[in-house]
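Student: Straight out of Swiss-Prot:
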BINDING   Q40, L41, R42, E43, K44, N72, S111, K140  4-amino-2-methyl-5-(diphosphooxymethyl)pyrimidine binding site
BINDING   D73, D92  Mg(2+) binding site
Amino acid sequence: MHNKNLDCTLYLVTDRDILKGRDLKKVLEEAILGGTTLVQLREKNVSSKEFYEIAKDIKVITDKYNIPLIINDRVDIALAVNAEGIHIGQKDLPANIVRKIIGEDKILGVSANTIEDALKAQRDGADYLGVGAIFPTNSKKDAESTSIETLKEIKNAVNIPIVAIGGINENNVQKLKETNIDGIAVISTILGKEDVKKACEELTGFFNE
């Protein structure tokens, strides 16, 4: 672990399908003004060229506000736009290999559902872990679920930041209070709202209460 002073409090994962035609850059800017501390660009059904162009565009916004940009899964895109980091799942390239490719200075996030996965990711050079799905989620139909109990156990087992993901909204975020996690990752709870800035402020408020 390389101390990168990561603020994972409110981690926004993008999904343009939820935006209903709204401009991603504009929505991101509102989210950042509302308290988003970390942005992950996730694009599943676009060409590499399109992903690159979107990432370049988004980087302008994240740079403006000094917010780290994390690219989902695509190490090549992350390097091409000089994003601050990359997030990988258990079925993507192994974390230790990704760490070698991106070097020591970039942020490496890894998804983990079990203590074994979490400890391995930490050994392999992860800077933070995404743990979930904690609650049922529409954005990832095949997401394995992780109990709040397991989330707590993972938090206690590792010494890198833990971000909970999966179905987190203003109605259930307080159930995560006693877990001592470092942040929450959300998609539709922010992107699906008319007032994105307010949605971020409310979530951050609940989480910090």
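The backbone N, Cα and C atoms fix where each Cβ goes, and this holds for glycine too.
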Student: Cα-Cα, whole number of Å: K44 (4-amino-2-methyl-5-(diphosphooxymethyl)pyrimidine binding site) versus D73 (Mg(2+) binding site)?
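Tutor: So the alpha carbons of K44 (4-amino-2-methyl-5-(diphosphooxymethyl)pyrimidine binding site) and D73 (Mg(2+) binding site) sit roughly 10 Å from each other.
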Student: In whole Å, how far does the CA atom of L41 (4-amino-2-methyl-5-(diphosphooxymethyl)pyrimidine binding site) lie from that of D73 (Mg(2+) binding site)?
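Tutor: Between the Cα atoms of L41 (4-amino-2-methyl-5-(diphosphooxymethyl)pyrimidine binding site) and D73 (Mg(2+) binding site), the distance comes to 10 Å.
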Student: Which Cβ among the binding-site residues (E43, D73) has the fewest C-beta neighbours inside 10 Å?
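Tutor: Counting other Cβ atoms within 10 Å of each of the binding-site residues E43, D73, the minimum falls on D73.
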Student: In which DSSP state, out of helix, strand and coil, do we find K140 (4-amino-2-methyl-5-(diphosphooxymethyl)pyrimidine binding site)?
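Tutor: In three-state terms, K140 (4-amino-2-methyl-5-(diphosphooxymethyl)pyrimidine binding site) counts as coil.
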Student: Using Cα coordinates, what distance in whole Å links K140 (4-amino-2-methyl-5-(diphosphooxymethyl)pyrimidine binding site) and D92 (Mg(2+) binding site)?
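Tutor: Here the two Cα atoms lie 16 Å apart.
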Student: Could you measure the widest C-alpha to C-alpha distance across Q40, L41, R42, E43, K44, N72, S111, K140, the residues recorded as binding 4-amino-2-methyl-5-(diphosphooxymethyl)pyrimidine, and give it to a whole number of angstrom?
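Tutor: Farthest Cα pair among residues binding 4-amino-2-methyl-5-(diphosphooxymethyl)pyrimidine: 17 Å.
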Student: State the three-class DSSP label for N72 (4-amino-2-methyl-5-(diphosphooxymethyl)pyrimidine binding site), counting H, G and I as helix, E and B as strand, and everything else as coil.
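Tutor: For N72 (4-amino-2-methyl-5-(diphosphooxymethyl)pyrimidine binding site) - judged by DSSP and reduced to three states - the answer is strand.
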Student: In sequence order, which residues at least six apart in the same chain have a CB under 8 Å from the CB of R42 (4-amino-2-methyl-5-(diphosphooxymethyl)pyrimidine binding site)?
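Tutor: Correct list: V13, T14, D15, N72, D73.
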Student: Name, in the order they occur in the sequence, the residues of the same chain whose CB lies under 8 A from the CB of D92 (Mg(2+) binding site) and which sit 6 or more residues away.
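Tutor: Non-local contacts for D92 (Mg(2+) binding site): D73, V98.
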Student: Only counting partners 6 or more residues apart, tell me which same-chain residues put their Cβ under 8 Å from the Cβ of S111 (4-amino-2-methyl-5-(diphosphooxymethyl)pyrimidine binding site).
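Tutor: Counting only residues 6 or more apart in sequence, the Cβ neighbours of S111 (4-amino-2-methyl-5-(diphosphooxymethyl)pyrimidine binding site) under 8 Å are H87, I88, G89, Q90, L129, G130, V131, G132.
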Student: Non-local Cβ contacts of Q40 (4-amino-2-methyl-5-(diphosphooxymethyl)pyrimidine binding site) (under 8 Å, 6 or more apart, same chain)?
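Tutor: Non-local contacts for Q40 (4-amino-2-methyl-5-(diphosphooxymethyl)pyrimidine binding site): Y11, L12, V13, T14, L69, I70, I71, N72, H87, G109, A185.
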